[in-house]
Ligand SMILES: Nc1ncnc2c1ncn2[C@@H]1O[C@H](COP(=O)(O)OP(=O)(O)OP(=O)(O)O)[C@@H](O)[C@H]1O
Ligand SMILES: [Mg+2]
């Protein structure tokens, strides 16, 4: 295995009561690239993410991250190693303010998160950093609002800011732009491009123009199996890919 | 960078957290003043009962309202602490402060052990495990020789605090209990508003997300479970000194149910709700005691009404009306 492969899987498989959702998937993701994982609904993309981040345990196969076998690790451990995910359904902490959402992520790295005897005033030291992250996703004016009161698109933006707060080496984004308006899509696309400068991104996205413009490499998944791989031009002209998308009712 | 902070500080809602802290401080001062004059207005023994249950409910609310964990076996910690405290004071003849500390420590240890078992499961299974473990404590208390079975441990001496203050006088004991209560609830307040409390609320709100940020959530749950059990124990041990009695009532499952009721009536996830809930339920039990078994029925009705109409509880509704966190 070459040194510039940050994450790879071999024969990754998971079976739910006889239904094979991910079937013998082998991926190699190069360090520093934006890699897109696409495919029709139900192809197994989210399940793949759950496997990579250890939210699910594979029936068989191995996962290697930065040269270490992480197949047997726990999800929180994988996150601490620098492989951090976002969720398809916007995952924020609804009763914390936008600022607190980001700060919770910053707090994990700072340590002292078990200090139940200290005042939360010590967390104010993280406010500036948190505000800068909110600023990057255009949420400065909403910093003091509980996340539950944000619009859907802003919740997604908050989720990205929270994920970026960990400054992870590798980001897994599950449909980061789903449900966003046109303007937001562009802002987030620009943000993803900007933050990809010094990290690796694996992204699930249905918006194919975003995929085309952002990604260096694409893997197409259908019915749990890898159908095609390559750059956008190669993949989009592959008859099997066109077939899979049309078969699943996509254009 | 500074400009971002300034924009943020300029927003009217930015001061909300600071305002809330001031409001809470004022309320705590109000409570302290009330507690200082209360024995001139109300029976000290009644007040002490309310304070013990209020602390118990606040301890429970720390777990449910801020940790998102519904324990259906909190009687185990209240009861264990009260037995250990009563035994220490009566059989070993220790002073009350030692008895209360030992009782509380026993609840902490039990909470740690039971917590480690229960947090492996989620939701209703978590509640069922806490209930099952508490039932084990109940049957143990029924059988074990030192608990006195059906009679409990009676005539527990109140003793002298630090060998100086005679606690057999109700008013002296009252002020000791009031201090224990205040220290207990202020401690809980601090836990809620600590770096740990922030993570706790995040886990309550969205556990998978907290895990994905690298938090080993089970450890936080175990810490809050143990803290909650410890404080429930402090309430139980204090109660044993007040009533000079430790009995099966304290470890019975109905006690676990009562604390759920108090918390919901007052408002779970609020700072002051459980205190109000406890006061309401204890007052009701006292004034309706002559109705016998009907008290239980009335409590059941209140429970149903609360769940159907006042999800947020008394203080929860009040907080929403006033648009202030309480
Ligand atoms: N926990 C589970 N138990 C049983 N089946 C599951 C489970 N999780 C996912 N599946 C099934 O696995 C298949 C793949 O689901 P997955 O969510 O990974 O698809 P996806 O590619 O992310 O689709 P979408 O584009 O709609 O998000 C689906 O048929 C789904 O029903
Ligand atoms: Mg999906």
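The backbone N, Cα and C atoms fix where each Cβ goes, and this holds for glycine too.
Please treat TrEMBL annotations as automatic predictions, because they have not gone through curation.
Per TrEMBL, the features are as follows:
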TRANSMEM  B:26-46  transmembrane segment
TRANSMEM  B:53-78  transmembrane segment
TRANSMEM  B:98-117  transmembrane segment
TRANSMEM  B:124-142  transmembrane segment
TRANSMEM  B:172-192  transmembrane segment
TRANSMEM  B:222-247  transmembrane segment
TRANSMEM  B:259-284  transmembrane segment
TRANSMEM  B:291-310  transmembrane segment
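When Cβ distances are compared across the two stretches, the transmembrane segment (B:259-284) makes no contact with the transmembrane segment (B:124-142), since fewer than 3 pairs at least 6 residues apart fall below 8 angstroms.
By number of Cβ pairs under 8 Å, the transmembrane segment (B:222-247) is matched best by B:98-117 from the list B:26-46, B:98-117, B:124-142. Note on the transmembrane segment (B:26-46): residues 170-171, 173-175, 178, 181-182, 185-186, 189, 242, 272, 275, 282, 286, 326 of its chain, located 6 or more positions outside it, place their CB under 8 angstroms from a CB of the stretch.
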